[in-house]
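Database features (TrEMBL):
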DOMAIN    1-102  domain 'Histidine kinase'
DOMAIN    131-245  domain 'Response regulatory'
MOD_RES   180  4-aspartylphosphate
DOMAIN    259-350  domain 'HPt'
MOD_RES   298  phosphohistidine
C-alpha cells in the first residue's frame, strides 16, 4: 500500500500511520497520499487480481494489479480487513486492520514455523518398521525426508522421478511408497495410475503442497492411500505412516525437524545453494520460460517452508501462480521481492 501511494503521488506527500490497540489486540495501518486518486468505478475493481485503473496505468506506472489483491487476501487470513477512500485528483486513504496478538519474540523471517516446536512436543514416541521407497526430485527435500524416515526407524531407497518410482516399486520389495506429486519425466499422479493399473498392492502416500479438496480427490482416484502436505509436519508424517506400517513396541522421542542428525548442515546447504537457484529463476523469467520457472518455484516453495522460511515459500508460490497463469510481469514483480528477501535470509544465517 505504501509503495503504491509513493508511485501514484508525483506531487504532495505520503503519510504512514500505525496504531495498536493492546486490549483488542488489533493493529491498524493507514496510508494517506495526495496523488491521482480513483473514481468510484475504479474503486470497485481495486482488489480484483491483475486489474488496474485502466490500461494506461500499467503503461505509465508499471506493475500488474496483483499487489492489493494479495493485501486483501492476507488481511482476511489475519482476521482483518482493508478499506479505501478516494476521489479523482484528491488522493487516497488506505486503512488496513488485522488481529495482532502480542508475542515475546516475533519476526516473519526470523522465526521457524510453529510446526517445528509443535512437532517436538506432540510427536509420537514410537519407532516404525518397514522399507520405504521415496520419490522426490528436490535434493534438499530428499535429504530432509530421508532423515525424518530414519528417525522413525525406517529404511529408505530414493529415486528422483515418477518413472524411476514405477520401475523401483515393481521390481523391489517395499512396504510403502512415499511419492512427491510434482516431478519430472512422470509426475506422482501418473506414476500412481501406472502402479494401480499394474495391480501394485503396497500403500502409496502423496507428498504435495497442493492440498485443495479437488487435489486430494484426484490423488485418491489415482491410487494414493493418503496425502501429506508440504512443509512436512513430523506429527502428521508419523501418524499417517503408523496407520500403514507395522509399529515396533520399542519407543523413542522423535523431536522436531531441527533435532534431526545433520539438519543444520542440510539447511546450510540449502541456503548456500539459494543464490544459484535464484539466478536460474531469473534466467527462466528473462527467457520467458514460464513452465521451468514454475517448476523451480514449486521446489523452492516446499523446501523453504520446511527450513523455516515462510516468506520465501510465499513469494515462490506467488511466482509459481503467476508463471502458470502466463503473467510474466507479476512473476517478475514477486521475483524482485524475493531477491530482497534473500539478503534477509543471508543475514539471519551469518
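Glycine too: its Cβ is placed from the backbone N, Cα and C atoms.
A TrEMBL annotation is a machine prediction, not a hand-curated record.
Counting residues of the domain 'Response regulatory' (131-245) by DSSP class, helix then strand then coil, yields 54 helix, 24 strand, 37 coil. Residue density at the residue listed as 'phosphohistidine': 25 other Cβ atoms are found within 10 A of its Cβ, drawing on all protein chains shown. With respect to their backbone Cα atoms, the residue listed as 'phosphohistidine' and residue 180 (4-aspartylphosphate) stand 11 Å from each other. Other Cβ atoms within 10 Å of the Cβ of residue 180 (4-aspartylphosphate) number 28 in total over all chains.
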